[in-house]
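Asker: Before we start, here is the structure in question, set down as structure tokens.
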Amino acid sequence: MKIGVLAVQGDIREHANMIEKIGHTPVRVKSIETLNDVAGLIIPGGESTTISKLMKKTGLWEELKRKAQEGFPIFGTCAGMIVVSKGIANYPQQETMGLIDIYVERNAYGRQVFSFEEILSFQGKDIKVTFIRAPKIVKYGENIERLIEFKDAPVLVRQDNILVASFHPEIEDDPSVHQYFIEQMVAKKQVK
Ligand code: GLN
């Protein structure tokens, strides 16, 4: 399957490598045309205000909102999580897409130390997760499925066709989270 990686800013290559590793074709998405050629989209980590600005400039912001309503699968990691959230719980405020019923606090994990790792349980298996100045989910609706939790907050959650992670699964060797997105969300959507 062709899986898109939003390629305006952030760690695009790591996601593309992970998609390839599990036997699918990564496509760098920078335009509406390429967005319409992929079965699902990953929004990488990076800097969320920059990513949002560039998405608006290219028309991808509005087009992705439209597609999300039709059930198009989207996976946002770190900054990508902020972009698709309902809103920011701390300051400064910034416009978000509102595709998933979560509110996030930017840079909540790793404010003092730049990044840290944890071993957390995902579908009965231990996986390593790395947080890099990561957003924290501080409020969420009842339709949110919590797939991984860390201390007092969920760090991998899903609402229908939208999946978001506070951490960076693309920088690990373990492809479990990408596999979940592609097999449980993108592949199932295609069958419908
Ligand atoms: N701190 C970044 C932001 O708020 C996200 C960090 C990341 O993606 N590694 O946009």
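Cβ coordinates come from backbone N, Cα and C, glycine included.
Automatic, uncurated: that is what TrEMBL annotation is.
Keep in mind the model is a prediction, meaning the values are calculated, not measured.
Relevant sequence annotations retrieved from TrEMBL are reproduced here:
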type: BINDING; residues: Gly46, Glu47, Ser48, Arg106, Ile132, Arg133; note: L-glutamine binding site
type: ACT_SITE; residues: Cys78; note: active site, nucleophile
type: ACT_SITE; residues: His168; note: active site, charge relay system
type: ACT_SITE; residues: Glu170; note: active site, charge relay system
Asker: So of Glu47, Glu170, which of the recorded positions has the fewest other Cβ atoms within 10 Å around its own Cβ?
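Answerer: Comparing Cβ neighbour counts within 10 Å for the recorded positions Glu47, Glu170 gives Glu47.
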Asker: Is His168 (active site, charge relay system) helix, strand or coil when read with DSSP?
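Answerer: Reduced to three states, the DSSP call for His168 (active site, charge relay system) is coil.
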Asker: From the active-site residues Cys78, His168, Glu170, pick the residue whose C-alpha lies nearest to the C-alpha of Arg106 (L-glutamine binding site).
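Answerer: Among Cys78, His168, Glu170, Cys78.
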Asker: Using Glu170 (active site, charge relay system) as the reference point, find which of the binding-site residues Gly46, Glu47, Arg133 has the shortest Cα-to-Cα distance to it.
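Answerer: Result for Glu170 (active site, charge relay system): the nearest of the binding-site residues is Gly46.
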Asker: Return one of helix, strand or coil for Arg133 (L-glutamine binding site), based on DSSP.
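Answerer: SS state of Arg133 (L-glutamine binding site) = coil.
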Asker: Please compare the binding-site residues Arg106, Arg133 by how many other CB atoms fall within 10 Å of each one's CB, and tell me which has the fewest.
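Answerer: Counting other Cβ atoms within 10 Å of each of the binding-site residues Arg106, Arg133 gives the minimum at Arg133.
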Asker: Highest Cβ count within 10 Å among the recorded positions Cys78, Ile132: which residue is it?
Answerer: Cys78
Asker: In whole Å, note down how far the CA of His168 (active site, charge relay system) lies from the CA of Ser48 (L-glutamine binding site).
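Answerer: Counting only the Cα atoms, the answer is 14 Å.
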Asker: Hey, for the L-glutamine site built from Gly46, Glu47, Ser48, Arg106, Ile132, Arg133, who else sits with CB inside 8 A of the CB center?
Answerer: Gly45, Cys78, Ala79, Ile82, Asn107, Ala134, Pro135
Asker: How many whole Å apart are the CA atoms of Arg133 (L-glutamine binding site) and Cys78 (active site, nucleophile)?
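Answerer: Between the alpha carbons of Arg133 (L-glutamine binding site) and Cys78 (active site, nucleophile) there are 8 Å.
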